[in-house]
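Database features (TrEMBL):
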REGION    1-30  region 'Disordered'
TRANSMEM  42-64  transmembrane segment
TRANSMEM  70-94  transmembrane segment
TRANSMEM  115-138  transmembrane segment
TRANSMEM  150-172  transmembrane segment
TRANSMEM  184-206  transmembrane segment
TRANSMEM  212-235  transmembrane segment
TRANSMEM  255-276  transmembrane segment
TRANSMEM  296-316  transmembrane segment
TRANSMEM  337-360  transmembrane segment
Amino acid sequence: MERGFSLVPKEEEEEGEDYRNEKSAEQTSSLSTEMMKKVSSMAAPMVAVALSQYLLRVISIVMAGHLDELSLSAVAIATSLTNVTGFSLLFGLAGALETLCGQAFGAEQYRQIGAYTYSSMLCLLLFCFPISLLWVFMDKLLELFHQDPLISQLACRYSIWLIPALFGYALLQSMARYFQSQGLVLPLFLSSLGALCFHIPFSWLLVYKLRFGIVGAALSIGFSYWLNVVLLWGFMRDSALYQETANLRAQEIFLTMKQFIALAVPTALMTCLEWWSFELLILMSGLLPNSKLETSVLSICLTMLSLHYVLVYGIGAAASTHVSNELGAGNPKAARAAANSALFLGAIDAALVSITLYSYRRNWAYIFSNESEVANYVTQITPILCLSIAEDSILAVLSGIARGTGWQHIGAYANIGSYYLAGIPIDLVFCCENERERTLDRYIDRLYSPNDCSWSCHFLHQLGKRGCEG
């Protein structure tokens, strides 16, 4: 069986097996109450952290939407493209720290945590430069897709003023993983909440009072990200671990960069392939018979999926942290218990959210639209949306476990197969059909193809074997 990334040599794992089994036999039962409490106590604040960071860009869209329809269209398009070309890439690359820092913390290699974190900061900042260059010419890119010239110019202007936010986001994601890998969620919670509380009035001030318009909306995101970075830096300097990493030499940082890049590339692929597929879905919705209606309905459904993913991401992050910490400490059985606990919480989330959404299937769409035709269409699709949400809950947790174990390459291969070799080609076939009942409902459903189920089963099988071998 393929062995995931580990900072503990295999020989040491075998030598210490009897001791570890004796030490943690009671703790590592499949769904132990102790492990469930650990995962739950970390998942709850991580949900708040993810939601706070998600709302920053949403609030700016809302602010722009109250200016005029043109500003809303430009900001919405720019947000979509900057997510695809920039933020998703940085988010994915930083995910490698969940493996590296998490296992280093479990193995008590504290100096390595600092080296990995600084390597991530340096790499992500370097990636920001070509991304920024692309954003400067965003209008040319949009014109290739036959977008309205005026909207393209405004979207490009918004993207250019969003560049400072990109650099802040690069540092923020690296620092967030630094704290997450140690299970220090309180600094993340306080800094994210503080940045959000600052962002709302500051965005209103720039957009409306100072009349900066969409430029103010972009600048407010940048200021909020950098405030978050400053707050986290303050927490980092006050942490006990900072003394271990304060005197790192440049050579140590560059030596760890190879390890970081080796894991960052598959992690970014695993993340970006999934994010990009949703953007492709929106583009392909224009091929449907009644594109205006279909696109509106699909946007509502994908917004709900995105909001749900923010919630379940907290469980995946908790799973990643505990799995990586236990593997770094050489306790694969404890890692398996943490993974099982997270999957159990994911299943509860899937059941609660799906049942709630289905119970209010005739009403919830009116939150987004007053059009009865749109709401009725959403009502028809809600059962399939509930199924997608249930699958998303499990897949988000499995992705977190993959980041903790160093199996990101498995997730990347699975996403290529399920989304791009199966899901999206099938979507395209249904898009070309003329009957509505055979388009959007199956169109959404095919995103979660049987290949996702097979990858889930394979992943659980691998996890079970690793735990049994421990």
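Note: Cβ is positioned from N, Cα and C throughout, glycine not excepted.
Between the transmembrane segment (42-64) and the stretches 255-276, 296-316, 337-360, the greatest number of Cβ pairs separated by less than 8 Å involves 296-316.
Listed by sequence, the residues of this chain that lie at least six past the ends of the transmembrane segment (255-276) yet keep a Cβ under 8 A from its Cβ atoms are 5, 83-84, 88-89, 91-97, 99-100, 112, 115-116, 119-120, 122-123, 399, 402-403, 406, 408-409, 411-412, 415-416, 419-420. For the transmembrane segment (150-172), the most Cβ-contacting stretch among 70-94, 296-316, 337-360 is 70-94 (pairs under 8 Å). Contact counts against the transmembrane segment (115-138), taken as Cβ pairs under 8 Å, peak for 70-94 among the stretches 70-94, 212-235, 296-316.
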